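Student: In case it's useful when we look at the structure, here is the feature table from TrEMBL:
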type    : residues                     : note
BINDING : His81, His83, His125, Glu127 : Fe cation binding site
DOMAIN  : 43-147                       : domain 'Pirin N-terminal'
DOMAIN  : 202-310                      : domain 'Pirin C-terminal'
Amino acid sequence: MPAITADTLTLPRVAAPDPAAAARRPVLSVTTAPSDYEGEGFPVRRAFAGVPVSALDPFIHMDQMGEVEYAPGEPKGTPWHPHRGFETVTYIIDGIFDHQDSNGGGGTITNGDTQWMTAGAGLLHIEKPPEHLVVSGGLFHGVQLWVNLPRAHKFHPPRYQDIRGRQTALLASADGGTLLRVIAGELDGHAGPGVTFTPITMVHATVSPGARLELPWNPAFNALAYVLAGHGTVGDERRPVRKGQLAVFGQGGSLSLAADPSQPQAEPNLEVLLLGGQPIREPVVHYGPFVMNTRAEILQAMEDYQAGRLGVVPAERMPHTGGE
Ligand code: MN
């Protein structure tokens, strides 16, 4: 799992919070993501399945894509598709992914890069591995997170942020046993590069076998921990978690987790995506690629898409190499 790596001994340390000063968040639930296939066939885990919208707010949906080793000729992508009313955050850990949207955004993201797309009022989008990876095959592993937009920003013009892995803020835990990559928002005063309408914190933590991670966490945010790889425990209650499981934490000003001393051979560390955000607390109507406040707004989005008002596929478009 390359993402971005660094020697934790040389990085700024995040001091372990005193639970007396910043109450430790309890673990409310641990759920297992069901496996599914996206678009024309890349394997995904639906990370938030079975978790109430109120516990996820401001997050809507998350897929862990792969980890998969593609044979030559096998990689799949999505066809052109619309979005409205939210932001997609695509974080590539291994492999390469190309993006293009009808608003002029697009590019290639690889090992540790993030593509941040504010769909806002609406656009058309395609995401797929590049042609040379289709020819050669290879490893692919990433995450796509959907962050909701509040009513006031749902019709914001589309926006695109291309974040390179080296731009993430790199930190170490108090004991040096965990590498922390701050992709968006801030952790202990260290800001990552991603900018959102709704304040969030997104951190990829690599926890060494046997290491324990204790972090301050904004008390106004929710707190989710999704296990990308490895085995460990969450909370001071040390509830077991493994790859493909999501822990939802309750209220408090700090959280803890730990990596088991022994890890699977193919997954030497506990890899965790930590997510927190300011809840929007508005009605959520989610239908396919649209996330709005009311059913009428969903119907309007479908009508606007069919009428071409969410944009048109650019003339200089990325060739579509899926199975259609
Ligand atoms: Mn998309």
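Each Cβ is built from the backbone N, Cα and C atoms, and glycine gets one as well.
Just so you know, TrEMBL annotations are computer predictions that nobody has curated.
Just so it is clear, the model here is predicted, and its values are computed rather than measured.
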Student: How many other Cβ atoms are found within 10 Å of the Cβ atom of His81 (Fe cation binding site), counting all protein chains shown?
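Tutor: Neighbour count, Cβ to Cβ under the 10 Å cut-off: 15.
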Student: Do you know the mean pLDDT across the domain 'Pirin N-terminal' (43-147)?
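Tutor: Per the prediction, mean pLDDT sits at 90 for the domain 'Pirin N-terminal' (43-147).
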Student: For the domain 'Pirin N-terminal' (43-147), jot down how many residues DSSP puts in helix, in strand and in coil.
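Tutor: Tallying H, G and I as helix, E and B as strand, the rest coil: 10 helix, 61 strand, 34 coil.
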Student: Which residue counts does DSSP give the domain 'Pirin C-terminal' (202-310) for helix, strand and coil?
Tutor: 12 helix, 51 strand, 46 coil
Student: Give me the non-local Cβ neighbours of His125 (Fe cation binding site): same chain, 6+ apart in sequence, Cβ-Cβ under 8 Å, ordered along the sequence.
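Tutor: When sequence neighbours closer than 6 are ignored, His125 (Fe cation binding site) has Thr78, Trp80, His81, Pro82, His83, Thr88, His99, Gln100, Asp101, Ser102, Met117, Ala119 within Cβ distance under 8 Å.
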Student: Given the Fe cation site residues His81, His83, His125, Glu127, which other residues of that chain have a Cβ within 8 Å of the mean position of their Cβ atoms, reported in sequence order?
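Tutor: Same chain, not in His81, His83, His125, Glu127, Cβ within 8 Å: Thr78, Trp80, Pro82, Thr88, Asp101, Ala119, Leu123, Leu124, Ile126, Pro289.
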Student: Which residues in the same chain, at least 6 apart in sequence, have a Cβ under 8 Å from the Cβ of Glu127 (Fe cation binding site)?
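Tutor: In sequence order, the residues whose Cβ lies under 8 Å from that of Glu127 (Fe cation binding site) (at least 6 apart) are Gly77, Thr78, Thr90, Phe97, Asp98, His99.
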Student: Please give me the CB contact count at 10 A for His83 (Fe cation binding site), counting all chains in the structure.
Tutor: 25
